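Q: Sharing the record's features from Swiss-Prot:
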type     : residues                : note
ACT_SITE : 96                      : active site, schiff-base intermediate with DXP
BINDING  : 157, 183, 184, 205, 206 : 1-deoxy-D-xylulose 5-phosphate binding site
């Protein structure tokens, strides 16, 4: 179970809607992923498609909870206004907060992010904060009262995987709120590693929506997250510099040398 604030989800995979080539394919991928929570960028999404059904209506039909985000915002003020708009339009106080430093790297502006999160928490929002892989920033966000910290594995859309696994593991070991890896996942093994490092969940969009076969990739991500979670719970063996035999040498037969 994934517990965030006052909600519980069976799935540890959160899927984003960005990059989907069609709403029909997005729907198939959402179902295949098993996700119960999905992000929608308030500034970018076309509310109604040619099929006549809005993405919001589709998510309600699929019984998938909606997580609006502040993608594209460059300042704390923009993020706060976007979150307030989402609350009025969608009747939810949940928001994924993104404040981007520049359009080339899409890396978080942690100064503006901290300001935005503090204001939104004070305004009654349940905040999930997209941040860098810096453990200190993650701690500061937790001090602000966010419901989850969402460190990046690598820059958005790069598919480079987890570039600094040590920092992700450190964030997980220190956090008292859920840690959800967000951004940079390229394939199933990246999602598995995130869970093995101690993450409570994985959020991804491009890895599925821009894959050659999005539905097949969604299925693989479902199994990858579950495999990583089970491995983390099981506990890996220690890494060693020298070999350790799996079978004991005790009890081996002792053969006397025969003289010919």
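The backbone N, Cα and C atoms fix where each Cβ goes, and this holds for glycine too.
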Q: What is the set of residues, excluding 157, 183, 184, 205, 206, whose C-beta falls within 8 angstroms of the centroid of the C-beta atoms at the 1-deoxy-D-xylulose 5-phosphate site?
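A: Along the chain, the qualifying residues are 16, 155, 156, 158, 159, 185, 204, 207.
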Q: Compute the C-alpha separation of residue 205 (1-deoxy-D-xylulose 5-phosphate binding site) from residue 96 (active site, schiff-base intermediate with DXP), stating it in Å without decimals.
A: 14
Q: About how far apart, in whole Å, are the alpha carbons (Cα) of the residue listed as 'active site, schiff-base intermediate with DXP' and residue 157 (1-deoxy-D-xylulose 5-phosphate binding site)?
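A: Between the alpha carbons of the residue listed as 'active site, schiff-base intermediate with DXP' and residue 157 (1-deoxy-D-xylulose 5-phosphate binding site) there are 17 Å.
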Q: For the binding-site residues 183, 205, which Cβ has the most other Cβ atoms within 10 Å, all shown protein chains included?
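A: Within the set of binding-site residues, the most crowded position is 183.
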Q: Counting other Cβ atoms within 10 Å of each Cβ, which of the binding-site residues 157, 206 scores lowest?
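A: 157, out of the binding-site residues 157, 206, has the fewest neighbouring Cβ atoms within 10 Å.
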Q: Is it possible to get the count of other C-beta atoms within 10 angstroms of the C-beta of the residue listed as 'active site, schiff-base intermediate with DXP'?
A: 27
Q: Secondary structure at residue 206 (1-deoxy-D-xylulose 5-phosphate binding site) (DSSP, helix/strand/coil)?
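A: The three-state answer is helix.
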Q: Considering all pairs of residues in 157, 183, 184, 205, 206, annotated in the record as contacting 1-deoxy-D-xylulose 5-phosphate, what is the maximal C-alpha distance expressed in whole angstrom?
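A: Answer in Å: the longest Cα-Cα distance is 9.
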